[in-house]
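These notes are about the structure you will find just below.
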Amino acid sequence: MTGRLSWEALPTYGAIVTFAAVLVLSLIVMTVAYLTWTGKWGYLWREWLTSLSHKRIGIMYIIIAFVMMLRALLEAMLMRAQQAVALNNPGFVDAEHFHQLFSTHGTVMIFFVLMPFITGLINKVLPLQIGARDMAFPWLNAVSLWLTASGAGLVIMSLLLGRFSTGGWSGYPPYTGIDFSPGTGVDYWIWALALSSISTTLSGINFLVTITKRRCPGMGWMRLPLFVWTTACSSILIIFAFPSLSVATLLLALDRTLDMHFFTNDLGGNMMHYVNLFWLWGHPEVYILILPAFGVFSEVIATFSSKTLFGYRSLVYATVVITLLSFTVWLHHFFTMGSSASVNAFFGIMTMVIAVPTGVKIYDWIFTLYRGRIRFSVPMLYALAFIMTFVLGGVSGVLLAIPPFDYVVHNSAFLVAHFHNMLIPGTLFGMMAGYTYWFPKATGFRLDEYWGRLGFYGWLVGFYLAFMPLYLLGLMGMPRRLQQYDQPEWQPLLIVAGAGALIILLGALCQLIQLIVSIRRRRTLADRTGDPWDARTLEWTIASPPPEWNFSVIPNVDERDPFAAEKGKGHAYPLPARKDYQDIELPRNNGLPFVLGVLSFWLGFALVWHLWWLAILTLLGSAGCLARRSFQRDSEKRISAENLYQYDRKRHQQLQKLAGHHALNEGFRWENKVD
Amino acid sequence: MMAPAQQERLRGYLLGFVLALLLSLVPFACVHYQWLDRFPTMATIGICAVLQVLVHLRYFLHLRLSEAKERFWLLVFTLLLIGLMVGGSLWIMWDLTDRMMGH
Amino acid sequence: MTDIIRSPRPSPELPSRLAERELGFWLFLMSDLVIFALLFATYGVMADRVAGGPSAEELLELRRPLLETLLLLTSTLTMGIASLFWQSGKVRYPLILWLGMTLVCGGGFLYLELQELRHLLEQDAGPSRSGFLSAFFVLVGTHGLHVCLGMLWGLFMICQLLLRGLDAEVASRLQRLGSYWHLLDVVWIVIISAVYLPGAMP
């Protein structure tokens, strides 16, 4: 009945772990108590948990990302603190726990911070940018959300019951096989990843179909905002690369539970094939993470330079070329495996080739800045820091693409520095920029600028202090994932890196304060026009936050940057005639995706602990949910044309009042003018 | 009973079935009766497989450029990527086997 | 034997919604094809790794796979004929009959496949014997699992035809089931040509 579950699963193997578990548990209890105390359960269920609206789903994804990021940052801090002191002594984190720390840090950051952050932003913005009312599959979208949430829940669960994997975020066998990792840790890792990959695949399909089928009239492919383009390419990568991760991890699961021999040492297993499959996904994943950030930067740089993007076409082609080439470079993650020179040379050259389209993009952004009227708002600060810092990381990447050099620094701190240099100033800064840029669209008020700047400088300075020393340490021969060491010359640099991590943590703290301050000052920071940045794309033509149907009348687009063009021509904010309004349908709220999420959490839990009866029950329950859904009709509600018309008329009157003596149809450019 | 368009489709299904049947039976017979040497047999199996896949795509899935443009190109793209992934994997792993085991 | 297409309130957007679903499902199928492709690659890597155990040549025979091929081919034909009925959207019982025949063929296929796998287990040639057998069982088993899921889906669609009738949404689901089924047959052709036939060659 209880499978592998016993009292020993309780987290009593270390003071820090017990403390963390108690902390998590009390946070959960406090949240539940708060919701019960304020009687918010009904509200939460009706407005959020059952919502199929892309706007709500996007916000919930970003909340998941921030919660999980807090955990991953604290873990990073612990590791940096440990390495700062652990010269010739075991420090304060024991080896087993240290290994869990770097495994969860990587897993959480990739799968439950960056991926949900990206998915959340895309959800929030994509339909608005292409003039659509929702995603193509709103119900499936909610299923994706709750699958991600249940995967994140599984990682949190590993803190309360049992342990997490010690095999790193990439989980190489044979170490992660049953012989060397008999516990539940690797199983937690496998099933959390499985839930996350199903969720991501469904999202990818949803995004791509939305972009193909739901563009408003006139929005041709060469008029799409760049964020939409990068989302499309990222979705293609998701659809075709994630199967590889699923195959790698599920074959590993079969090795572990059914005693098969794909990646074992004996009986014909071939562990290098796992590495091959893992990076066949892993390298496209890098671009799945970075392309949407490129999209955000393209939007931000164009808006805050008050210019149309330089070289739009070349940016699009570069994105598409990157998408294709990213499937041809995966071996550079394991040059040291021992391939023959021709194999290593091929993949080394392809890796250098893929740097070319990325370079094209950098130049396009720089030329967009050139002679622009630049406003140094927080999103733009992130974008500028990105251009400088990302080039640095890219250059270290081209170094790593040279097999002989890679042999020298493989698995050293140099590598750690390199990929953090891509993922923090690349993806994470992109997400921060997007979060700040679209925050008013999501909530109706801007984020506080002062605390935002402090947060930005915390991240930037902290990043340089934390990771530049790691380049040096790598060249000095320090391997990654060290719990303690005996080289005194490493310690000063590790102390600097520790200080950097602390500054990053302070930056994140500033962002938390920023959020609280902004909520308290929401009246002063309110975005009444819906266009707080004098921006260029469709999402800024509608109110902030948008009505649940987004566009009362689906817009008709005849050029790139449609809103900027309308403002320039004095055609902004047209009020359509009454006859142009039509009744519309929107999906009704539905509780089944949430139920599916809960069931899949327990399915994952059952698979980790070998509770086969629970696994069967949850599978049957999930099938029941799908069957139930296929019989549901009337899953849409109707909003009448009259309602829409009245809404638009009222908004138009408000805008008129805000514009005062200025011409409304030229937009609110005077509000954002450069001083 | 049936509309002409449907009769047309039915004929398509029957033709596809007969072609697929033939293309299945030929390689089975080749292997069973050992008509040919090893390499020509392998070639026959490969050619028949490719032809039969094409028959299925055309007659059963109706993947024609005129009828299902999106699906057609998506499949072509998928096959390209599958070629990259499978070809690359086999190249890498067989190369490794040669170097490590040398058998 | 005719029923009228039932829909409480035909939405003007329904046709485009259904086209979106068919495109989305096709994308899912493409993703699924990549899974199969990688399992083939895995089989290619593992085929020689018999670890002193039985090899493909010793284990595989041709009679059962031939029967399985014929059954699956027939089911593809019956599924095609069934599609003529759901596309015309008027006749329900012949449609159920042809769908039922498809399922019977699928069931026969699964029965033979399970028998074959059981036979291998009895010879002490299960998936935990060697890397080669792990790869073989997982490749063939994944295809079998897909057939099994397809049959459950088919059974469910028959229930839905009886309970809900044939409306545009149900017809679109059947269309997607059809694509799924035909693609499984394509995968089977590759399994036959890459695993069974070369394996059974002396």
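Note that Cβ sites are derived from N, Cα and C of the backbone, with glycine treated the same way.
Any TrEMBL annotation is an automated prediction that lacks curation.
The domain 'Cytochrome oxidase subunit I profile' annotation in TrEMBL covers A:39-558.
Long-range contacts of the transmembrane segment (A:12-37) within the same chain, counting only residues at least 6 positions beyond its ends with a Cβ under 8 Å from a Cβ of the stretch, are 44, 78, 92-94, 96-97, 156, 159-160, 163. As annotated by TrEMBL, transmembrane segment applies to A:12-37 (among others).
According to TrEMBL, the transmembrane segment annotation covers A:58-78 (among others). If you look at the transmembrane segment (A:58-78), the same-chain residues 6 or more away from its ends with a CB under 8 A from one of its CBs are 16, 48, 93, 101-102, 104-105, 108-109, 112-114, 116-117, 119-125, 145, 148-149, 152, 155-156, 431, 435, 442, 501-502, 504-505, 508.
TrEMBL lists A:98-118 (among others) with the feature transmembrane segment.
The transmembrane segment feature in TrEMBL is assigned to A:224-254 (among others).
The transmembrane segment annotation in TrEMBL covers A:286-304 (among others). Long-range contacts of the transmembrane segment (A:286-304) within its own chain (CB-CB distance under 8 A, at least 6 residues past either end) are made by residues 110, 114-115, 118, 121-122, 225-231, 233-234, 237-238, 241, 315, 319, 322-323, 326, 361, 365, 368-369, 374-377, 379-380, 382-383, 386-387, 422-423, 426-427, 429-431, 433-434, 437, 533-537, 561.
As annotated by TrEMBL, transmembrane segment applies to A:316-335 (among others).
As annotated by TrEMBL, transmembrane segment applies to A:341-360 (among others).
Residues or ranges marked as transmembrane segment by TrEMBL: A:381-402 (among others).
Long-range contacts of the transmembrane segment (A:422-439) within the same chain, counting only residues at least 6 positions beyond its ends with a Cβ under 8 Å from a Cβ of the stretch, are 62, 65, 109, 114, 117-118, 121, 124-125, 286, 289-290, 292-294, 296-297, 299-300, 303, 377-380, 382-383, 385-386, 389-390, 393-394, 397, 445-447, 452, 455-456, 459, 463, 467, 511, 518, 533, 539. Look at TrEMBL and you will find A:422-439 (among others) tagged as transmembrane segment.
Residues or ranges marked as transmembrane segment by TrEMBL: A:451-473 (among others). Residues 80, 378, 381-382, 385, 389, 396, 412-414, 416-418, 420-421, 424-425, 428-429, 432, 436, 490, 493-494, 496-511, 513-514, 517-518 of the same chain lie 6 or more positions beyond the ends of the transmembrane segment (A:451-473) yet place their CB under 8 Å from a CB of it.
For the transmembrane segment (A:493-517), same-chain residues at least 6 beyond its ends with a Cβ under 8 Å from one of its own Cβ atoms are 69-70, 73-74, 76-77, 80-81, 83-84, 432, 447-448, 451-452, 454-467, 469-470, 472-473. Annotation comment: TrEMBL describes A:493-517 (among others) as transmembrane segment.
If you look up TrEMBL, you'll see A:586-605 (among others) marked as transmembrane segment. For the transmembrane segment (A:586-605), the list of distant contacts is 45-46, 49-53, 133-134, 138-139, 142-143, 145-147, 149-151, 153-154, 157, 191-192, 194-195, 548-549, 611, 614-615, 618-619, 621-622, 625, 628-629, 632, 634-637, 639: same-chain residues at least six beyond its ends, Cβ to Cβ under 8 Å.
Tertiary proximity for the transmembrane segment (A:381-402) is limited to same-chain residues at least six positions away from its ends with a CB under 8 Å from its CB atoms, namely 293, 297, 300-301, 304, 332, 348, 351-352, 355, 358-359, 362, 365-366, 409, 414-415, 417-418, 421-422, 425-426, 429-430, 432-433, 436, 453, 456, 460, 463-464, 471.
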